[in-house]
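Trainee: Let me give you the structure first, and then I'll get to my questions.
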């Protein structure tokens, strides 16, 4: 939402009563169809009276262009007759909101409003039209094809794109960024400046702290001079607080630290409930990078060494983040020129668990897991605010005036999600759906304005990395009589993402013919084909359905599962013509767009069949699960807290085999769980090959039918897309 827009307010309590009453009855009486009455009441009582009326498409379009609501450049890529036809086609699909929350979310957060906030200027169809006009880039026939995919909820662009497409006064189409900080004042200063600029533009920024020298390290060879990373964290937190989008919301930021950094325990202590105000970090999110060796040390009940990043750089000429601590651990341990301190590995993991119960932080990135899966020559050193983006980066170098001596390569996230249920229902059109989705995300990467962050601009222009994700897994499973914690659920997840990966790589391969290969393609495991060995050098029936029920589903929806021969042909084409994009898939939490699409979030199970949300002045909103009715209720009945961590990790691990980046994995624990239970969850996720752990949510025991109480964590509005 742009800084000039305000959310419309309700004039009277009567405005609220009827549709809120209908919505509440969906929970009270277990009559989920009543929620559709809430939708109708909301549209009639709230939306229509506050929607500006136009007598023709031309009158509306002229008004929106003349008054700087719509970007004339987007409109002018098409004739008026084409615009009118696309708009007419959009309304011909007769889109209807599946629940009250979907309608409320659209008009509250996405619909274009007059600058004074009094009137709506768009319905859902109009917002979709502006997206397809931009994403089709002047191609009328493509716009019609893409219109079908979006308005049928098969593909949903991420919030920054869906919200801002076609607007004259807008934010960026991409709102998630990753920045390295190196161990010098110029890099620190430039990072803070860039953070302010990106946050000013509604961006969420993750920053790497692993390479900063520890507290007590030398400065200009004088010992015990460095203050360590905590003061930098304070500066960053203040920067995000200051850059608060004109008071609309505080900037979103995260910092990642390698767990073998000497300041790691102080880093974690900043999130303690009883932390001293001098070190306490309230709003900045924390993430840890944990290599395999740390788990091995904990398993053996050994002490873990923390290595001076300053000494590592002096000795090896490499930053801490750019070496494999697992591979070099014992060499570093024996090197007398590397200062080291020791802590108990098990105590370290216990501290993480304690903090997860207190705050939900830190995020965890499994260092060696993501780098083993990495197809590129440079190391992955961090993730983003939702722990689904894992891409290599390169450091920048600066002059003393903070101008660039050498522009490195940093990261931005271009995201969008498939609705799994609707994608399966697309049947034989699945390949076209994924082709259009990849092309749309690719276009966003090519039109995004990133001048304020030259290293991010360079990384984006060289790589055009994408993050095609997915949502509504639980919704699809439940409506097809499959329990979330069943072998059929894992089987379906495996084969679905196997199929999506094939079509995503195929789409990028076709784009490469038109747009060229991404930079350094020749130096990747894609170019030599080894990345695809998991598909081409296994038994021909390895990637096939293992349960009759799942095979029957693919047959029912007429979704063709790629064969090994299909993969071999695709790999040959990739080796010949390349890929347009360095990365293709990443599964974000999909908070906002799941509500907008009235479906279940990401790959997670629902929290309960009817979720309770608090939405400002409206109070509680009851959100029935996807197509919830009395027939499928039993498949939604056990929510995330009842299921426990194992089924969720099993699902994520099945998908992760085919996702070249990461998957936002949230763990749900009851208040009966112990730190030992959480440690078991970390180990299980690590052993199953998950790339990361996002939040840990802990539910407190409450009275039946009262609101679900969890540790209140500020969801990332940027990355939950």
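Think of each number as a place in line: the chain as shown, counted from 1.
Heads up, the Cβ atoms here are built off N, Cα and C, so glycines get one too.
Annotated substrate binding site per Swiss-Prot: 159, 175, 176, 204, 384, 385, 386, 387, 388, 589, 590, 591, 592, 593, in sequence order. The feature site 'Important for hydrogen atom transfer' is assigned by Swiss-Prot to 176, 413. Look at Swiss-Prot and you will find 176-413 tagged as disulfide bond, backed by similarity to another entry. Residues or ranges marked as site 'Allosteric effector binding' in Swiss-Prot: 183, 213. Under the heading active site, proton acceptor, Swiss-Prot lists 384, 388. What Swiss-Prot lists as active site, cysteine radical intermediate is 386, and the listing cites similarity to another entry. Per Swiss-Prot, the feature site 'Important for electron transfer' maps to 694, 695; the stated evidence is similarity to another entry. Sequence annotations record features per position, and here Swiss-Prot assigns site 'Interacts with thioredoxin/glutaredoxin' to 716, 719 based on similarity to another entry.
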Trainee: 159, 590: which of these binding-site residues has the sparsest Cβ neighbourhood within 10 Å?
Mentor: 159
Trainee: If you draw a 10 Å sphere on the Cβ of residue 213 (site 'Allosteric effector binding'), how many other Cβ atoms land inside?
Mentor: 25
Trainee: Looking only at 159, 175, 176, 204, 384, 385, 386, 387, 388, 589, 590, 591, 592, 593, the residues listed as binding substrate, what is the longest Cα to Cα distance in Å?
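Mentor: If we measure all Cα pairs in 159, 175, 176, 204, 384, 385, 386, 387, 388, 589, 590, 591, 592, 593, the largest is 19 Å.
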Trainee: So for residue 384 (substrate binding site), how many other CB atoms are inside 10 Å of its CB?
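Mentor: The answer is 35.
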Trainee: Could you tell me the C-alpha distance between residue 384 (substrate binding site) and residue 413 (disulfide bond) in angstrom, no decimals?
Mentor: 9
Trainee: Sort the recorded positions 183, 213, 413, 694, 695 by C-alpha distance from residue 386 (substrate binding site) and give me just the closest.
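Mentor: It is 694, whose Cα lies nearest.
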Trainee: Among the recorded positions listed here, 183, 388, whose Cβ has the fewest other Cβ atoms inside 10 Å?
Mentor: 183
Trainee: What does DSSP assign residue 592 (substrate binding site), in three states?
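Mentor: In three-state terms, residue 592 (substrate binding site) counts as helix.
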Trainee: Sort out for me which one of 694, 695 has the most neighbouring CB atoms within 10 A, since those are the recorded sites we care about.
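Mentor: Checking each of 694, 695, the winner is 694.
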Trainee: Considering only the recorded positions 159, 183, 590, 592, which residue has the minimal Cα-Cα separation from residue 695 (site 'Important for electron transfer')?
Mentor: 590
Trainee: In Å, rounded, how far does the Cα of residue 159 (substrate binding site) sit from the Cα of residue 183 (site 'Allosteric effector binding')?
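Mentor: Taking the Cα atoms only, residue 159 (substrate binding site) lies 34 Å from residue 183 (site 'Allosteric effector binding').
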Trainee: Compute the C-alpha separation of residue 413 (disulfide bond) from residue 176 (substrate binding site), stating it in Å without decimals.
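Mentor: With distance taken Cα to Cα, residue 176 (substrate binding site) is 5 Å from residue 413 (disulfide bond).
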Trainee: Please work out the number of neighbouring Cβ atoms within 10 Å of the Cβ of residue 176 (substrate binding site), leaving out its own Cβ.
Mentor: 29
